[in-house]
Amino acid sequence: MTNLSVNINKVATIRNARGGNMPNVLKVAQDCELFGAQGITVHPRPDERHIRYSDVYGLKPLIRTEFNIEGYPCDKFIDLVLKVKPTQVTLVPDAPDAITSNSGWNVKDNFDYLSELVDTFTSQGIRTSIFVGTDLANIELAAKTGTDRIELYTEPYATYYPEDRDKAIAPFVEAAQLAKNLGLGVNAGHDLNLENLAFFNKNIPWLEEVSIGHALICDALYHGLQETIALYKACLNS
């Protein structure tokens, strides 16, 4: 079964909009686990405009499921990950001012750098995942870095799903199959939601994990957090 990792960045965004500690990011993470999430994801950025580095340190002793820290591997991020030692680190090629992730790595141009990072994190017992698109040559190179997994950037799938879901999913199935053949675990994330998640998961039954934040928090405004997590898990069990 595919694990649901809840990205709690948007919870931190709401907190930071007003100051103070409401909602309490640490409690929300614990409640997500209580309600059935199999993981918690955070994406700290250098300006700490949502998740703060202090949040990450605070979350570490509380998380009882899998803890995934994703982000651009600047020196500050690398130091954070090595100190916290999460279950998984997901390497994302974000510019510091990016509103959200908008592409996967060009592994060819960053091969030596990514290989070095993978070796550094692996030596500390941290599972590694590289954020990529569906380019097959890119995935083959990702496997050669020694990474444990890739995370497929699913925004193109979500964009074209309403027009032609079979056409939208096709490159992702091909990419995920190649990754599986190369011995890589496959994660996915970005713009997955209650409308498109079940079809994605059905077509890639070996999917290990989806990381979902923005859509899930939006749905929770209507359904409540507990019911929303149940709805997303139902998509992954269908």
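Note: Cβ is positioned from N, Cα and C throughout, glycine not excepted.
Just so you know, the Cβ of ASP191 (3-amino-2-oxopropyl phosphate binding site) picks up 17 other Cβ atoms within 10 Å once every protein chain is counted. The feature 3-amino-2-oxopropyl phosphate binding site is assigned by Swiss-Prot to ASN7, ARG18, ASP191, GLY213, HIS214, with sequence analysis given as support.
Of all Cβ atoms in the protein chains displayed, 23 besides its own lie within 10 Å of the Cβ of HIS43 (active site, proton acceptor). Residues or ranges marked as active site, proton acceptor in Swiss-Prot: HIS43 (among others).
If you look up Swiss-Prot, you'll see ARG45, HIS50, THR100 marked as 1-deoxy-D-xylulose 5-phosphate binding site. There are 23 other Cβ atoms within 10 Å of the Cβ belonging to HIS50 (1-deoxy-D-xylulose 5-phosphate binding site).
The feature active site, proton acceptor is assigned by Swiss-Prot to GLU70 (among others). In this view, GLU70 (active site, proton acceptor) is surrounded by 27 other Cβ atoms within 10 Å of its Cβ, with every protein chain counted.
Residues or ranges marked as site 'Transition state stabilizer' by Swiss-Prot on the basis of sequence analysis: GLU151. If you take the C-beta of GLU151 (site 'Transition state stabilizer') and look for same-chain residues 6 or more apart in sequence within under 8 angstroms, you find GLU70, THR90, SER129, ILE130, PHE131, VAL132, ASN187, ALA188, GLY189, SER211.
According to Swiss-Prot, the active site, proton donor annotation covers HIS190, on the basis of sequence analysis. Following the DSSP three-state reduction, the secondary structure of HIS190 (active site, proton donor) is coil.
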Validating a neighbour-count step here. Other CB atoms within 10 A of the CB of ARG45 (1-deoxy-D-xylulose 5-phosphate binding site): how many?
21
DSSP three-state assignment (helix, strand or coil) for HIS50 (1-deoxy-D-xylulose 5-phosphate binding site):
coil
If you compare CA-to-CA distances from HIS43 (active site, proton acceptor) to each of the recorded positions ASN7, ARG18, HIS190, HIS214, which comes out shortest?
ASN7
Does DSSP give GLY213 (3-amino-2-oxopropyl phosphate binding site) helix, strand or coil?
coil
For the recorded positions ARG18, HIS190, HIS214, the one whose C-beta sees the most other C-beta atoms within 10 angstroms:
HIS190
Want to know which recorded positions, from ARG45, HIS50, HIS190, are within 10 Å of GLY213 (3-amino-2-oxopropyl phosphate binding site) at Cα; which are they?
HIS190
